[in-house]
């Protein structure tokens, strides 16, 4: 590693995770626009850069290649100032993030959001069960330091607005620590 590899980021990196339909992309975009960070929608990046190993017919989505995604993001993450938006989180290096946000949504609201997107069958039920059992919150808690993981409710426009305020205030007050080296 060069000396530059040990420099501290001047802006934090945030991972925005949660079940599909919880408002990750909306919240990430609003926070990024409000505070001047880069919003990285991993699903979009996978499509644009072909960072996948094919198509999953059962879940109607790409099978992402986690190694290729991490390779693609490495330099940007070292720079800092990113909000990474993805429904999974356990494959990203812990050193990348200063805050991990898990958005959660009431199941009846989530069901309506997902069916309006055309989710059905196994894809719909898998995502609802994932939210019921708080799979992504547990994944975040086991993959990252406890003090950087937070859970925010995301049922309404008011919740999203409150979440944007909470996150922009956190970013404004953030200072580099030894974790961000």
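From the backbone N, Cα and C atoms, a Cβ is placed for every residue, glycine too.
Annotated features in TrEMBL:
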{"type": "BINDING", "residues": "21, 23, 24, 25, 26, 117", "note": "ATP binding site"}
{"type": "REGION", "residues": "1-25", "note": "region 'Disordered'"}
{"type": "REGION", "residues": "41-64", "note": "region 'NMPbind'"}
{"type": "REGION", "residues": "116-126", "note": "region 'LID'"}
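Ranked by how many other Cβ atoms sit within 10 Å of their Cβ, the binding-site residues 24, 117 place 117 at the bottom. Using a Cβ-Cβ cut-off under 8 Å and counting only residues 6 or more beyond its ends in the same chain, the region 'LID' (116-126) has close neighbours at 20-21, 58-61. There are 24 other CB atoms within 10 A of the CB of residue 23 (ATP binding site), with all protein chains counted.
Across the region 'NMPbind' (41-64), DSSP classifies residues as 8 helix, 10 strand, 6 coil. Around residue 21 (ATP binding site), a 10 Å sphere centred on its CB holds 24 further CB atoms from the protein chains shown. Same-chain residues that are not part of 21, 23, 24, 25, 26, 117 yet have a Cβ within 8 Å of the Cβ center of the ATP site turn out to be 20, 22, 27, 113. Put simply, the two farthest-apart Cα atoms among 21, 23, 24, 25, 26, 117, the recorded binders of ATP, are 15 Å from each other. Residues in the region 'LID' (116-126) partition by DSSP class (helix H, G, I; strand E, B; coil) as 7 helix, 0 strand, 4 coil. Taking Cβ-Cβ distances under 8 Å and a sequence separation of 6 or more, the neighbours of residue 25 (ATP binding site) in its chain are 41, 85.
Summarising the environment of residue 26 (ATP binding site), the number of other Cβ atoms within 10 Å of its Cβ, over all protein chains shown, is 17.
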